[in-house]
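Novice: So that we are looking at the same thing, I have put the structure below in structure tokens.
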Amino acid sequence: MYYGFDIGGTKIELAVFNEKLEKRYSERVDTPKHSYDEWLNVITHLVQKADEKFACKGTVGIGVPGFVNQETGIAEITNIRVADNKPILKDLSERLGREVRAENDANCFALSEAWDKDNQQYPVVLGLILGTGFGGGLVFNGKVHSGQSGMAGELGHLQLNYHALKLLGWDKAPIYECGCGNKACLDTYLSGRGFEMLYRDLQGKALSAKEIIRCFYDKDESAVKFVELFIELCAISIGNIITALDPHVIILGGGLSNFDYLYEALPKALPQHLMRTAKVPLIKKAKFGDSGGVRGAAALFLSRD
């Protein structure tokens, strides 16, 4: 059996999958906040409980909201302070008596979608999350590509280019500071939060993403104008990503992925921002929703070989 963990700041979820990645069991508990040892104990207990339930020693994959150095096993997960800068791979492997693998949660999202039966034919799968933040994960032939320092796929920290700034109006363009310390990162524009901030700063009034989208479908002139600008901003930025990575398929997740107009408008807007010989990848909505994190974590042990 394959065990997948989605570890967040408030909840830890374990899900158990068979070799076809069909879920057989899941459990959620609160994330310990008092000590690293307590955090390790909770994960250990969940694994032992699953081992007993299924009478086996399952593989353990973990998705975290941060980075894990694959050489040292040390995690950088600042919103889970008890486990931040700790050697989680070494410590969990010793406690559980087996190899433990861990990846950024966006990579797990992408991996889950790459292992869907409808996507397994594609050698290069790019997952993009347009949620609270904007980020992604890159999968080559069923395996996460995270790079030498675990930063591959951190597309939210690419910055607006010439064409994006021109679209937003040069000296009128709102320049947002990112939590990473830089300015004009895609995370602050293409996320749900960025969608709302841009509308506020360009249209002069504050609305939620849901309200903006409702106004768009009601054919409100300012909302229609803004959405078309946002689609163009996405096309410019995602076009750059396609030029660099040339994926066969892009899977969208996060709150804005529920905006159906994206799937109609974005493929039409992309070609003018690509090389003439480039193919526009298939753009699809994520299938597994909230289960994608645990499913992708479990898939860290799968191989197409």
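Every residue, even glycine, has its Cβ placed from backbone N, Cα and C.
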Novice: Let me know which member of His145, His157 Swiss-Prot also records as binding Zn(2+) at the site of Cys178, Cys180, Cys185.
Specialist: His157
Novice: Provide the number of Cβ atoms within 10 Å of the Cβ of Gly135 (ATP binding site), excluding the reference atom itself.
Specialist: 27
Novice: Give me the sequence-ordered set of same-chain residues, not including His157, Cys178, Cys180, Cys185, with a C-beta within 8 angstroms of the centroid of the Zn(2+) site's C-beta atoms.
Specialist: Gly156, Gln159, Gly179, Gly181, Asn182, Leu186, Asp187, Thr188
Novice: Rounded to an integer, what is the Cα-Cα distance in Å between Gly4 (ATP binding site) and His157 (Zn(2+) binding site)?
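Specialist: It is 27 Å, counting Cα to Cα.
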Novice: For the binding-site residues listed here (Val139, Cys178, Cys180), which one has the lowest count of neighbouring CB atoms within 10 Å of its own CB?
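Specialist: So among Val139, Cys178, Cys180, the binding-site residues given, the one with the fewest Cβ atoms within 10 Å is Cys180.
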Novice: At the Cα level, what's the spacing in Å between Cys180 (Zn(2+) binding site) and Asp6 (ATP binding site), rounded?
Specialist: 23
Novice: Using a 10 angstroms cut-off on Cβ to Cβ distances, just flag whichever of Gly8, Gly133 is the loneliest among these binding-site residues.
Specialist: Gly8
Novice: Among all protein chains shown, how many Cβ atoms are found within 10 Å of the Cβ of His157 (Zn(2+) binding site), not counting that one?
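Specialist: Summing over all protein chains shown, His157 (Zn(2+) binding site) has 18 other Cβ atoms within 10 Å.
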